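Student: Take this structure first; my questions come after.
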Amino acid sequence: MSESETTISSYTEREKQAKERAGERVEETESVRVCPECGGSVVADEEHGETVCTDCGLVVEEDAIDRGPEWRSFNRDGESKSRVGAPTTKMMHDKGLSTNIGWQNKDAYGKTLSAERRQQMQRLRTWHERFRTRDSKERNLKQALGEIDRMASALGLPENVRETASVIYRRALDDDLLPGRSIEGVASAALYAAARQANTPRSLDELTAVSRVDRMELTRTYRYIVRELKLEVAPADPAQYVGRFASDLGLSDEGEWRARELLKTAQQTGVTSGKSPVGLAAAAVYAAALLTNEALTQSRVSDVAGVSEVTIRNRYKELLDAAEVTDGSDLGGRASA
């Protein structure tokens, strides 16, 4: 037998074996579709990984392997997806669609690169970064989003606030609102607005402490972008600051509840109108600590809240007076005692 005939014979034999294996799989699949107990039809329960008889309820197969894609979807939009990948994000100038070159200076096997290869990789990283930000708008966006991320990290703001701030900055950039204003100023104003919208506000003093612009520029830029972008930002509620202040000062749950009640009463009587929400929240926390006999000084509250002790003294007396008018009890005397 010639070499070519041997090759053809071998190929034919392998093809025959493959068909036999395929036939066995088909027979096995068809046998599963019939209940071995009652002969009824069976259905696959993909949620529980089981194959169940619809007539007698027998579990024919369990712990089935899910061979579908790894993505998760909670609506019908995901039915056509078939690939896994990181979601896009507004917090990156390219929305996370580009790739990065790592800084580990190691090869695929974990071995350290040679000096010559490290220099080559450094040049590649440099050119890669240049191509990622090819025009001034992308460079502007990259710098601003980096600034937003830095300030949000320093203030302990969650990811949803950073995402919202990034969207606000992108809108300001697209609407050409940046000429005449600094990138840092608009980024700070966008973060301040985003925190207010997400009900996790930070005071102007807190933001100014981590920003690269002064309070006056931050305030002026904030008002400008809110007006031009028609942002819906509700007035700050003093109660939104209470939880953070109480946590930082170690106030009890009862003390935090009393602080919120004092603010609620003050709002009903109009005491909070025209006053700083941060000062009111700090005063409420201090007054609540006095009412619950917790050791808390005006100095500690002042340091945490970033307001003066004079403001705390004035506001906490107003809060206690408002509570006395509402329920008729002598809270001022109890607090002084």
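Glycine is treated like the rest: Cβ placed from N, Cα and C.
Pulled from TrEMBL, these are the listed features:
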{"type": "COMPBIAS", "residues": "1-11", "note": "compositional bias 'Low complexity'"}
{"type": "COMPBIAS", "residues": "12-30", "note": "compositional bias 'Basic and acidic residues'"}
{"type": "COMPBIAS", "residues": "70-82", "note": "compositional bias 'Basic and acidic residues'"}
{"type": "DOMAIN", "residues": "31-61", "note": "domain 'TFIIB-type'"}
{"type": "REGION", "residues": "1-30", "note": "region 'Disordered'"}
{"type": "REGION", "residues": "70-89", "note": "region 'Disordered'"}
{"type": "REPEAT", "residues": "146-229", "note": "repeat '1'"}
{"type": "REPEAT", "residues": "240-321", "note": "repeat '2'"}
Student: Can you count helix, strand and coil residues in the repeat '2' (240-321) using DSSP?
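Tutor: In the repeat '2' (240-321), the DSSP-based counts are 63 helix, 0 strand, 19 coil.
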Student: Per DSSP, what is the helix/strand/coil residue tally across the domain 'TFIIB-type' (31-61)?
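Tutor: Helix (H, G, I), strand (E, B), coil: 2 helix, 13 strand, 16 coil.
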Student: Any residues 6+ beyond the ends of the domain 'TFIIB-type' (31-61) with a Cβ under 8 Å from its own?
Tutor: none
Student: Tally of helix, strand and coil residues over the repeat '1' (146-229) according to DSSP?
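Tutor: Reading the DSSP string over the repeat '1' (146-229) gives 63 helix, 0 strand, 21 coil.
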